[in-house]
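If you look up TrEMBL, you'll see 72-110 marked as domain 'LicD/FKTN/FKRP nucleotidyltransferase'. What TrEMBL records for 1-16 is signal peptide.
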Amino acid sequence: MRLAVAWLLASKTCLAVQTGSFLELQSLWTKPAWSQQDGGTVCAPVGLADLLRLQALVGEVAQLLRLAKARWLLSHGSLLGAWLHHGPVPWDEEADILLFAEDFQRLLAVLGAEDWLAQSRRVSTPGSSFQIYEGTPVGALRYDVHEHRDQVGLWLATAVTFRLHSGARDDPVQLDAFLAKANGSHAWTDSAVLPLPLLLPPRRLRFFDWLLPAPQAPRRVLELWYGPKFAARRKCALRGRSSSPVAEVPASLVAASYPLIHNEELDDGKVRCRARWNRTTLWTLDLDAEGHILRAEGLRSGEVVARLWRLGRGPLQAPVDTPGAFPEEVPNMWD
């Protein structure tokens, strides 16, 4: 046990990159001095215990979706994490996926929650309201189903929020499975309207050393969610207070404090991923759309993690469940 702890501490202080795994990148996470604020921290890394619980949660939900024969895609902050970190955003203990209507109904069916709305309660908030149903735990998971509408009743979002059964009902370690409505040309999620060709056919991205289904054009989808250079996603809640104001952190601070993946989009869906930390290139991988390694540089020969577990399946097409035009802009209700 002491040797294991000593190895973990040593991995935080030396550059021992060998295989290109997420675990090696995560070992370089440190709490930046600038993250310490009066009364809490901003953009400090998630603790290892919560990170491992998030990994377990993603795995449990993926198995439930497999049982439901439901297809899904990485979305929101988890898509950003997969694109820039090959795992979660370092300070985010939540995971996000999206499902089209047919798959969302399959998920509700396996949960036994098809009629959740009739059993829900209404909660009013400033400028909006939502219906929430607290479901009966299923295996290792507890869940809530919730639907949000604005003050005049227009739809904003529908999602199933999962947490580990062993945690509290308000556990910050959670996974949100969002409904994406489709009209034949676009998908409407909680905070963006996305052209379907940017989502489908799915590709695979690295996340927790798995290969997970993701939108076809991750960068362009992320810019629709978070703006140019994903600036809106650098906003972090201040941990440690009952109320959590949000601060926007300069990209230069994030890049100087955490290893980042710099992605160069090549032809045929290929991506050249350069892992950089403290202005140093750790390694370079050329990956195809399925996540297979085509070329590797900077890693020890024979030790590259070349075969990762493929978890989940992405949708091949989007059913037309909401005919008609979607709004051109959708407010981000989570800011």
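Note that Cβ sites are derived from N, Cα and C of the backbone, with glycine treated the same way.
All TrEMBL annotations are machine predictions without curation.
Break the domain 'LicD/FKTN/FKRP nucleotidyltransferase' (72-110) down by DSSP state and the numbers are 20 helix, 9 strand, 10 coil. Averaged across the domain 'LicD/FKTN/FKRP nucleotidyltransferase' (72-110), pLDDT for the predicted model comes to 96.
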